[in-house]
Amino acid sequence: MSSINAAGDVKTVTKGVKSRTSTLLLLLHMRTFVALILVFAFFAIAAPNFLSTGNMLIISKHVALNALLAIGMTFVIIAGGIDLSVGSIVGLCAMVAGYLVLFGIDLNFLGIAYSVQFNTIEICLIVLVVGVFIGWINGMLITKLNVAPFIATLGVLYVARGAALLFSEGRTFPNLAGNPEYGSDTFRIIGSGTLLGLPISVWIMIVVALLAAYLATRTPLGRHIYAVGGNERGAALSGVNVDRIKLFVYMFSGFCAAFVGLIISSQLQASHPATGETFELNAIAAAVLGGTSMSGGRGRIGGTIVGAFVIGILADGLIMMGVSSFWQTVIKGLVIIAAVVVDQIQQKLQARVVLQQNAN
Amino acid sequence: MSDASPVEPHPIGLSIRNGSKIYPGTQALKSVDFDLRMGAVNVLVGENGAGKSTLMKIIAGVEQLNGGTIELDGKPVVFADKADAAKQGVGIVFQELNLFPNLTVAENIFVGHEKTKAGIHIDSAAQTATARALMKRLEQEIDPNAPLGNLRIGQQQIVEIAKALAEDARILILDEPTSALSATEVEVLFRVIKDLKKQGVGIVYISHRLEELIRIGDYITVLRDGVITGSRSMQGVDIPWIVANMIGSASKEFPKTVEHELGAEIFRAEDVCLPSAAGGYAVDHMSLSVRAGEIVGLYGLMGAGRSELLECIMAQHPNSSGQLFISGKLVKEKSVAGRIRRGLALIPEDRKRDGLVQIMSIRENLTMSSLYDFTRGFHLSLKAELAKAADYVKRMAIKIASLEHPVSSLSGGNQQKVVIGKALMTKPRILLMDEPSRGIDIGAKAEIFRTMRRLAADGLGILFVTSDLEEVLALSDRILVMANGRLTGQFPAGAKASDVISAATPNLNRVEV
């Protein structure tokens, strides 16, 4: 009799433990979101004017830039790579955009005394093609020439930055007001226009994020990205074209970076060759904060967006509170480390729960 | 053991009594009694997974016993680790080379026990001199200062042996030392072994080459499924005796053949060649064919080139040559995806490395090769995917708690079923299986064998690679044997075990019994 009672007790106890672990797991699973709510609540109380519409719009504009880069970065990292060149692609694309707005393409070098001018749509397309092309170079270096992603994109980081500086010999392209005659006076809308009360840049982020999330979860391409990052050999033997997947993620990352270059040059009405320096680190931080595993195979677009918001709100909120920028940097670093530590804890816990379920 | 003669010229140096070793899921050794005699060659033989390697690792201190005792010179000892065992005079040459290609030959020989001055400064001159002396003893012209990576595999194995010799071991364990050696190199090794015997060194010698064992061995111990099935002095031992003890009479459960007619030839490979990094060919002009409904077993020893052949067929080696035909039509596709579309499917040997994406879910792994079946335009229908995955889980009888759990949470047998399910979902016509029963428990093995029978009865052609003699004899409609990259034998079902083993021994002619 006593043995039956004991067994029953054990069962209730494990049940209690199980529901506790599952609540904990849910909280850990949503940790970036929980962090976002905490950070938001903290600044709402601590920083005056934090909740004002104007401030919210400013923060969302800042976040949109980092989030766009981080979306591209997330795909690259899920596929088992890294893209250090995005900041430089932003800079180069900003310079290309500025040049096209100011000068168009001068055909003098062909011996023709004529310069081709572009409207806003054409400028955007050309800049996006430039971004995708640089991503393609990254991808070719990595897949065809077997350069390690870290090295390949580090090299391209320097080359693209140098190219941006060469474009204007280090100067800024000022006054990108555009010319109504060519249809490029609408260029400023990308950075400063609004639609239904939201900045255009935020809309771009939303559309790209939705597209990326769909790609990741509902297409064979997305599934293959996860497979390549999870086990490259296994994916290849399953018939996945690994090189094509890798090429795609770097091109997509270049595409996202080109958008950021467009938005910044339009916002500032000027192109500076140093635009986007160290942006790549913020993008990696947002991806990691959002639960993307640096060893590949794991990550979600939604997580990355939330991660970008945590970083953005933290940065702007601390500025509003008058915290020194030195401390801001320290705090950002600590948050990233904490995120990864919590991630490790979650992984362990989850594996244990699955093993338990299998045993039952 | 009872037939060991009472007058024993070779004293027992090390003995294991009642030794047991348990790994999670399997018992590798069951109450093993083993005596290692000094000044003699103690041969250890058995099929893959019989427990030879485990026994050796225990003697060398790499693994520890769960039960039982070890006595060294009559005194009980416990080896904490390999370094501890080495201190007591036990040296080991592993089958897989544990060398550093970026270091020189001399540096490799002395890695971990460098010759030093004042404990910090490495005495390169002394190391080089000793290494040179060792090379001379092994009759090799290898420069001690050459980077190891520049040597042939055979030469690397010599360096591995030199490394063990440099430690002046009293007990030396050699695990398949000749698998990569040429005939002359084997002769040299045998001379060195004779030398060592004279100095009173006790040698444990493991090999699959039975003729070689009979020639070099003084005592023989046969292992099967973690149990010693025969142990005696080598006098009077012949190959049939060894084979009988290796395989035993109580056979594992193999399903009966499902009676069915064999169809027409469904797959043919002609003249498949793969150049080897070490020179020569890893796959040397291999041709074979498989009929619909036929199970063809490809037997051979490690390194015979069987896995490489399957990899060539699956487009894994861009520099391989040869032609493949499916139902008589030439396969022109060069990509894995293209070959899968043509009806080829591979179950890789290394499940973890090649077969599965461990961090992805069971569902995602099952459908990995056939995602486009559930895709319209760009859109992947998760509902259709889930239904198909659930269907295959039922069909393959995979035991799971949820399709969404990571595949790494499954047991080896169930993981293997996921790999097979993934391959079958592509509706293959020829299934290539590389060691399909490796690392899974007996129950799961039987299920996988039954599945193979059923698939063959449904008209699939199956080409499977195995190192398990019993398995190849029981399952195959036809047996092919490979050695040194070449086809060395072809037998119908019901062939004699010793014939198959002889065909798999690549150096039959050069080793005179």
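Glycine residues also receive a Cβ, built from the backbone N, Cα and C atoms like all the rest.
Taken from TrEMBL, the feature transmembrane segment applies to A:32-51 (among others).
Residues 90, 142, 149-150, 153, 199, 201-202, 204-205, 208-209, 212, 216, 225-226, 228-229, 232, 245-246, 249-250, 252-257, 259-260, 263-264, 279-280, 282-284, 286-287, 290, 292-301, 304-305, 307-309, 311-313 of the same chain, all 6+ positions outside the transmembrane segment (A:63-82), place their C-beta atoms under 8 angstroms from a C-beta of that stretch. What TrEMBL records for A:63-82 (among others) is transmembrane segment.
Per TrEMBL, the feature transmembrane segment maps to A:88-111 (among others). Through the fold, the transmembrane segment (A:88-111) approaches residues 69, 117-118, 123, 126-127, 130-131, 134-135, 156-161, 163-164, 167-168, 173, 175-176, 178, 182, 184, 187, 254, 257-258, 260-262, 264-266, 270-277, 279 of its own chain, all at least 6 residues removed from its boundaries and within a Cβ separation under 8 Å.
Among the features that TrEMBL reports, transmembrane segment is placed at A:123-142 (among others).
Taken from TrEMBL, the feature transmembrane segment applies to A:148-168 (among others). Sequence-distant contacts of the transmembrane segment (A:148-168) (same chain, at least 6 residues past either end, Cβ-Cβ under 8 Å): 76, 81-85, 87-89, 91-92, 94-96, 98-99, 134, 137-138, 141-142, 250, 271, 273, 275, 277, 280.
Taken from TrEMBL, the feature transmembrane segment applies to A:189-216 (among others).
The feature transmembrane segment is assigned by TrEMBL to A:247-264 (among others).
The transmembrane segment annotation in TrEMBL covers A:301-319 (among others).
Across the candidate stretches A:32-51, A:123-142, A:189-216, the maximum count of CB pairs under 8 A to the transmembrane segment (A:247-264) is reached by A:123-142. Away from its own ends, the transmembrane segment (A:301-319) comes close to residues 32-33, 35-36, 39-40, 42-43, 46-47, 50, 55, 58-59, 62-63, 66-67, 70-71, 73-74, 205, 209, 212-213, 216, 282, 285-292, 325, 327-328, 331-332, 335, 339 of its chain (Cβ-Cβ under 8 Å, at least six residues beyond either end).
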